[in-house]
Amino acid sequence: MKLPWKKVSLEKTAELNVESTDMKPNHSIEASPEEPLEEEETEFEKSFEEAMKESFDLSRRSRSSSFDPNDPDKEYVPPRKMSWWMLTMLMCGYMVGIGVLSIPSAFQTLGWVGGVLVLTGVYFITTATGYFLYYMGLRYPTVRSYASMSRRLWGKPGMYFTATIAYSYFFALLTSDLLTSSLTWKNMLQKEHICTVVFAVIAYAMMLLAGQARSLFEITYIILVAITFIVIPIIIVCVKAPSIGAGLGKTYATSSTSFYQGLTAAMDIIFAFTGHLIYFEFMAELKRVEDFPTALWLSQTFSYACYLTLAAVAYYYIGNTGYMQSPVTLVIKHGPIHYVNDVFMVIHVTIAGTIGGNVLSRAVQWGFQPLIAGGLRKFRDGSLRNRLWWLLWTGVTYGAAFIVAELVPFFSSFIGIMTSLFSSFLTFIVPSAFYFWEFWHDTRWYQKLLPFFCFLVGFLMLTLGSYGTFKSLVVAIESTGKPFSCSRKF
């Protein structure tokens, strides 16, 4: 009996298992030279409003699956099992994270006009760049990552460049989740005088346990818990805000804040919408790629509603009182409600962190397991040996994040650098560049304005946002303690 091993060459291993460049897409939409673009409307000449209406057409049940029989890796990756509503929950759980708790402070810095404009603008722009990735997913249904898409468009140099940035950002987010979880434990039990490293070990163990779900589809079984445990703290803050502010809250239409502070606040809002890095992985497990816009619009709108509600209520009642903090849950004094909030935060961060951890662990597995074992086992193989392999690679991945989180005392500020440099690049610039490169000849001039605008916004955030975060990093380095410190703070 042959074991279900797949032989992987060293060259393919080094390329992070991306598809070969000569593989043809599932279907082609290129215009024929004999049929000028002006004479016949292409599929991608639909207006943004038409695309929105089409995305909510839930009655299209006759469409075929996005499964591609020509996919050489289909037996070694998670199968397409997710429906659109499962993906919606997964995207909501991934997006509505701890970043939402910093938005009230951003509103206090920017004022009503600046806060609402930035929040609404980012909502629409990130929805547009999400559509760019969706169009790319339609043309190349076997692509499962930013790196593999870059390989198709720009060859190995593009793949290595994008993979370095993308997986570094995945790792930074995972490290940030581990650090947040451990510091929340410490904040909850600060009277016990327990070393922060102990809480970091507990956070690592919890995330490792949750990370044994081998696919994003399996994570959907527990993602509703993560959504619930971030929405409840939002509701608690909204309910307690009037009594905390005690009628002293002051709000302003505009703000006279400094350029540096305004940029930092804007980056906090942008960070709350940066989930695009994992969209190809989401589409790769979706039964029908055509259902992705439905999940995109629902998750984006749900996130926007949560962000705006919390920011408006907290800013109205607590703004400029001296009580506003980031994360805003810190405004609740120690007591039963405070402890409940902390417990919910730990559980949410643990579950949500495994989404990116799943993608990163699989990349590590595909990169190193063939070097050790000579190949990969088929995904459907549920044997103990295959699960032990997964335990090994998740343990290595989360373990590396644990070491970095404790080794770099100023990592909380360092993640701000990663956000300004990488999130803007991966959320605005890369999707727009993909779309430009692939559909330049399939679209008319006015249809190029939106991706150009998104690219420009990303470039401005990349350059201007870096100024503020680098300045914050310098301050943090001067005021933080030593590695593996027991007195670690947020």
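Glycine too: its Cβ is placed from the backbone N, Cα and C atoms.
Feature annotation from TrEMBL assigns compositional bias 'Acidic residues' to 32-43. Residues or ranges marked as compositional bias 'Basic and acidic residues' by TrEMBL: 44-60. What TrEMBL lists as domain 'Amino acid transporter transmembrane' is 81-470. The region 'Disordered' annotation in TrEMBL covers 16-74. What TrEMBL records for 84-104, 110-136, 157-174, 194-212, 219-239, 259-282, 294-318, 338-360, 388-408, 414-437, 449-470 is transmembrane segment.
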**Complete:** Ranking 110-136, 157-174, 219-239, 338-360 by Cβ pairs under 8 Å to the transmembrane segment (259-282) puts first 110-136
**Asked** Do any residues of this chain, six or more beyond the ends of the transmembrane segment (219-239), have a C-beta under 8 angstroms from a C-beta of it, and if so which?
**Response** 82, 86-87, 89-90, 92-93, 96-98, 100-101, 210, 213, 306, 309-310, 313-314, 328-329, 331-332, 337, 340-341, 344-345, 347-348, 351-352, 354-355, 358
**Complete:** Stretch winning on C-beta pairs under 8 A with the transmembrane segment (294-318) (pool: 84-104, 157-174, 338-360, 388-408) is 84-104
**Prompt:** With pairs closer than 6 in sequence left out, are the transmembrane segment (110-136) and the transmembrane segment (157-174) joined by 3 or more CB pairs under 8 Å?
**Reply:** no
